[in-house]
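Worksheet: the structure to be examined is printed underneath.
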Amino acid sequence: MRQTLAAALLLSTVSAPALSQTIYPIDRAQILTGAMFDLKVEFPGLAEPGKISVTVNGQDHAQALGRAATYVAREDDKDQSAVTLRDVVIDKPGRYVVKATDGVNTREVAWDVYETAQPRKARNVILFIGDGMSNAHRVAARILARGIQEGKYKGKLTLDDMPAMALVSTSGVDSVITDSANSASAYTTGHKSSTNALGVYADRTKSTTDDPKVETITSLAQRRLNMAVGVVTNTEIEDATPASMVAHTRRRAEYDVIVQQFLDQKPDVIMGGGAANFIPKSTAGSKRGDDQDYVERFKDAGYAVATTAGEMKAASAAGAKKLLGLFNLGNMDGVLDRKFLKVGSVKRYPEQPDLTEQVKSAIEVLSKNDNGFVLMVESGLIDKFTHALDMERAIYDTIMLDNAVKVAKDFADQKNDTLILVLADHTHPVGIVGVMHDDMDGPAPNVELRDRLGIYAEAGYPSYPAPDAEGYPNKVDVKDRLALFSASFPDYYETYRPKMDGPNNPTVAGKEKGTYAANEIYAKSPGAQLRPGNLPKDGNSDVHSAEDSLLNAYGPGSEMVKGSMDNTDVFKVMAHALALGTAK
Amino acid sequence: MRSHSEPRSNPPKLRLSRRRALLALAAGLASGGVRTAAAAPAVLDFADLYEASGVLGLKFSPKLLSLKGASVAMQGYMAPPLKAESDFFVLTREPVSLCPFCSSDADWPTDIVVIHLRRAAQPTRYSDPIAVTGVLEVGSATDAATGFVSQIRLMNADFRIV
């Protein structure tokens, strides 16, 4: 036994120095012809310039790619050398084998450079992302918004009723579980990335702005086809999903950097919350680190600025060519709070637009461009509410997403020249397990709440009132409610009831730094039950899961959507529909 | 993960008046015998800090501005301080839990109050409501030691668990 162990140890020490170069873009990267990217080779130790060789299909890289890479002897003052070549473009499709050696170790990766066929199939592309939207959210939204009787739905969601469908896998370079940064980045760049990173391959250096970049669909559509671009969300506009349209950063939390990158890239429509990072730090409510006023800067760059639904509609109706809509200092409120419960920050910001209205105004502005447009629309609070185990709010925001898709589909049906994609960036481990039978207006429960959960035959059907014209039941605290649980949770009090007084806040900071504890406020809810978490103690909410996202597609170019796809293939679908790789 | 939940148990009016009574009591106890004889500190609610609207910046409420320099009492929750024994912490309307992967790490609520204590103290449980009294300071200021920017502060403050 001991000998075997020793042998294994010896083997592992022997194999350790064979640790070799890291090459970005990674092995098996698929690269659009004409799209820019940075090539970087990280050597495991010190590498002498005379011994370094980086070849592309057997040819020295300087000849093959037109310029020589820059050499850095010691990155971050450590014994680690690297070479980087920025803004590489490859115009000829084919297989490219990149081989890097420092004289001792050699490593090679292969890239597939692909072109897109003419003629262009779609004039416009609208990419809808339900952040964290999982199958359970969609089914719950269908039950509430369309109704179900004797096992048959009384109608389909708009996103159900699309001809093309696929399963999309979402893992990133560094982990089987993605976050919203690298998962959205895969859609907007066609390249995999790592947790918290946007528009870059995450390299080993400390700097968050020097990582090898890849080009976004925003830049490609603007640069190659002179198209208009829009980014619409109900989260902070700097949040990972909307930021993925413009950002190149290792760290998604750097909101001030991302605001600057929005200004540099100048999408024609920018709408969401997150005004706090646009206003100078001396202004109450600001979260900037400096005294720059980016609202003024965007105005100087020709943007109309709207802070209410009314101002937004007036600006788009008046023919604004560029529109910045900021409707909340932080995330906008969810639709359940805005339209029905009037809690959260709705009293402070009573005139926040609905996502459907944002999409209408965005299309109104963008469709003026004769070269077409690319629009990303995110219903982003589905994710945030699910993290917070606030399932009713997540379901209502899924219905809102579907309504926004309907607005886009009605627009697309006028000319049949718009590709619509609807999908999630990643999933949550959520499931509908039954129906709670619990009269919330009655006295405190004399039967334990968990025994009021109907399962199998006892589940029956929920008793939400018939939906209104937009698909929303006007009462969520009904007697018979869908029971939707996450399989991942921190310590929290399960109240089995919707949170009528404001979004759920299941945890508070724990006694030990970096840990979390159940929020004792919910201990007072009648029948609340403490659930010890199944996540690490430094987790304060439900987490993402590795299951595939569902993708529904409609319009020209949607025929590529089928079967099982990788998340980087979603970029390819858009690139092919627009013929982004053959334009000049 | 921003949140504004409150328990549903008590009717709102009853709860408010009870809160005010507790605050006044806490203020009296915290400030010691000498100042109990003086006028009780004015009670300031989180809802009173800013005027209703302001996407591009919050406006201080007239009530807040009228109490500048006065002794005030507030109730809220202690956010985790930077170090264990601290004379500086953030008071929030609801208990906070900052989530690294669902939003930015600067995910503070907008209506926070910075508390500068008279004496350094151990933190409480972060789900315990606390009553704080101190002298109200209003206007943008950057803490020299931490770089933390605040708009509303209670100086020379004391707190107790409610």
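Just so you know, glycine gets a Cβ as well, placed from its N, Cα and C.
With a 10 A radius on its CB, A:S180 (active site, phosphoserine intermediate) counts 32 other CB atoms from all the protein chains. Residues annotated as active site, phosphoserine intermediate in TrEMBL: A:S180.
Summarising the annotation, TrEMBL assigns Zn(2+) binding site to A:D131, A:D383, A:H387, A:D425, A:H426, A:H544. DSSP gives A:H426 (Zn(2+) binding site) a coil state; it is part of no helix or strand. Here A:H426 (Zn(2+) binding site) comes close to A:G132, A:T170, A:I177, A:T178, A:D179, A:S180, A:S183, A:H544, A:S545, A:S549: these same-chain residues lie at least six apart in sequence, with C-beta atoms under 8 angstroms from its C-beta.
TrEMBL lists A:D131, A:D239, A:T241, A:E378 with the feature Mg(2+) binding site. The DSSP secondary structure for A:E378 (Mg(2+) binding site) is strand. Every protein chain shown contributes to the tally, and the Cβ of A:E378 (Mg(2+) binding site) ends up with 31 other Cβ atoms within 10 Å.
Within its own chain, the region 'Disordered' (A:527-547) has Cβ neighbours under 8 Å at 132, 134, 170-171, 176-179, 386-389, 426-430, 444-445, 448-450, 486-496, 506-507, 510, 512, 514-516, 518, counting only residues six or more beyond its boundaries. Annotation source TrEMBL lists region 'Disordered' at A:527-547.
Summarising the annotation, TrEMBL assigns signal peptide to A:1-20.
Listed binding-site residues: A:D131, A:T241, A:E378, A:H387, A:D425, A:H426. Those with a CB under 8 Å from a CB in chain B, in sequence order: A:H387.
Surrounding the centroid of the Cβ atoms of A:D131, A:D239, A:T241, A:E378, where the record places Mg(2+), the chain contributes additional residues within 8 Å, namely A:I129, A:S180, A:A184, A:T233, A:T235, A:A240, A:P242, A:G380, A:D383, A:D425. Rounded to a whole number, the C-alpha distance linking A:D383 (Zn(2+) binding site) with A:D239 (Mg(2+) binding site) is 12 angstrom. A coil conformation is recorded for A:H544 (Zn(2+) binding site) in the three-state DSSP classification, outside any helix or strand. The two recorded residues, A:E378 (Mg(2+) binding site) and A:D131 (Zn(2+) binding site), show a Cα separation of 7 Å.
The two recorded residues, A:T241 (Mg(2+) binding site) and A:H387 (Zn(2+) binding site), have Cα atoms 16 Å apart.
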